Amino acid sequence: MWCLNMIMAESPGLVTICLLGYLLSAECTVFLDRENATKILHRPKRYNSGKLEEFVRGNLERECKEEKCSFEEAREVFENTEKTTEFWKQYVDGDQCESNPCLNGGMCKDDINSYECWCQAGFEGTNCELDATCSIKNGRCKQFCKRDTDNKVVCSCTDGYRLAEDQKSCEPAVPFPCGRVSVSHISKKLTRAETIFSNTNYENSSEAEIIWDNVTQSNQSFDEFSRVVGGEDAERGQFPWQVLLHGEIAAFCGGSIVNEKWVVTAAHCIKPGVKITVVAGEHNTEKPEPTEQKRNVIRAIPYHSYNASINKYSHDIALLELDEPLELNSYVTPICIADRDYTNIFLKFGYGYVSGWGKVFNRGRSASILQYLKVPLVDRATCLRSTKFSIYSHMFCAGYHEGGKDSCQGDSGGPHVTEVEGTSFLTGIISWGEECAMKGKYGIYTKVSRYVNWIKEKTKLT
């Protein structure tokens, strides 16, 4: 203190120097050591909530919970655009996946005002609610369905058609595709049947080769069975695949156009040595029509197992080769023929349509205008009980128990068709029956599914 008083008295400037020296000698460390500095700069590990990925809870609460934040402010917290985007979708309008909307094991991805379901193989739809396998509703395919190696549905179409943009429907790829009615004046009310794909396993559905006999019958020789009673007049062009078979004197059977050069009919319609003329585009047999096309048959091929001397109606199917190709148009169009499995599937839809110029009542006159009739499929047990004659596995019954409606004499060889989404497929050949339209009796048809491979092999166009 004595020194300080003396200095202050003699030189005030020295006071300043003394104070500065005192301060410099004091412990006032400006920088922290490494350990303490690390504690201050330490950032807590991000917490994974399971819903918002990793985030710094404190910063997120401050930035986006206490106050409304922008996307960029949230981006500063996450320091990652992908994680920020996922958080942002929930932050803006809540978690759309909270209610677990995706079914059948589908994974939900949240979005703004929406969500997206990532479906397991075999399922599709907004919520993976649709079983897309072929065993359920035919995989939603309009014609044919198969599974690929990943168990996914692949739809396909019959010849003359291609898949539409939806990859489910089929659209014509040629001017006059098989099984389509293209005459413009025929109204939609004449669409003849509904497609009903049931929840059945359609894969590997071919039937066993079983003979269902009531009685061993060597030769069912009953010409009166050569099989539309109770039908309706068809409009011109409504059944453009239907043909009329003419002998040297009169018409005697029907048939269906397979392609420009071939017709399919019943084998029992073929008579050795009888010249056959096929008339396509026919409607009214009592007058010439501009839509008619006549072709001579140059070759008749019954199915190789057909033997009329043993049984006139077993394997009752034959092919007719024409001398000149038919000119396809709206009145002359082939019928579609699916593969074996699908032909059998279509038959099981339950209803088909038969057509022809046969007798309009039992032992009555033949029709001049093409007739058609909707007939229900009859289960095999009922069919067997209805007759004493043999019903083989390559036959089926269709018709009405109460009678009054049936195919009849002159209709033999004509088509039994099933309409599938506006396209008709051949499912049977009119073969035989006991009388016509009798109560408790049914029409018997050749089951085309048993012969499709043979038909396609023999009728290939070269």
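Here the Cβ of each residue, glycine as well, is placed from N, Cα and C on the backbone.
Small disclaimer: the values here were computed from a predicted structure and weren't measured.
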Choose one of C145, C155, C170: the cysteine that Swiss-Prot connects to C157 by a disulfide bond.
C170
Which one of E86, E98, E232, E282 shows up in Swiss-Prot with the note 4-carboxyglutamate?
E86
Disulfide-linked residue for C128, taking Swiss-Prot as the record, within C119, C141:
C119
Which residue, of the recorded positions E73, E76, T85, S412, has its CB surrounded by the fewest other CB atoms within 10 A?
E76
If you count Cβ atoms within 10 Å of the Cβ of H268 (active site, charge relay system), leaving out that atom itself, what do you get?
26
What does the structure give for the C-alpha distance between E82 (4-carboxyglutamate) and D316 (active site, charge relay system)? Integer Å is fine.
69
H268 (active site, charge relay system): nearby recorded positions from E72, E73, E76, E79, D316, S412, Cα cut-off 10 Å:
D316, S412
Taking Cα atoms as reference points, which of the recorded positions E73, E76, T85, D316 is nearest to S99 (O-linked glycosylation site)?
T85
Using Cα coordinates, what distance in whole Å links E79 (4-carboxyglutamate) and E73 (4-carboxyglutamate)?
10
Only counting partners 6 or more residues apart, tell me which same-chain residues put their Cβ under 8 Å from the Cβ of D316 (active site, charge relay system).
A266, A267, H268, Y306, I429, S431, W432, T446
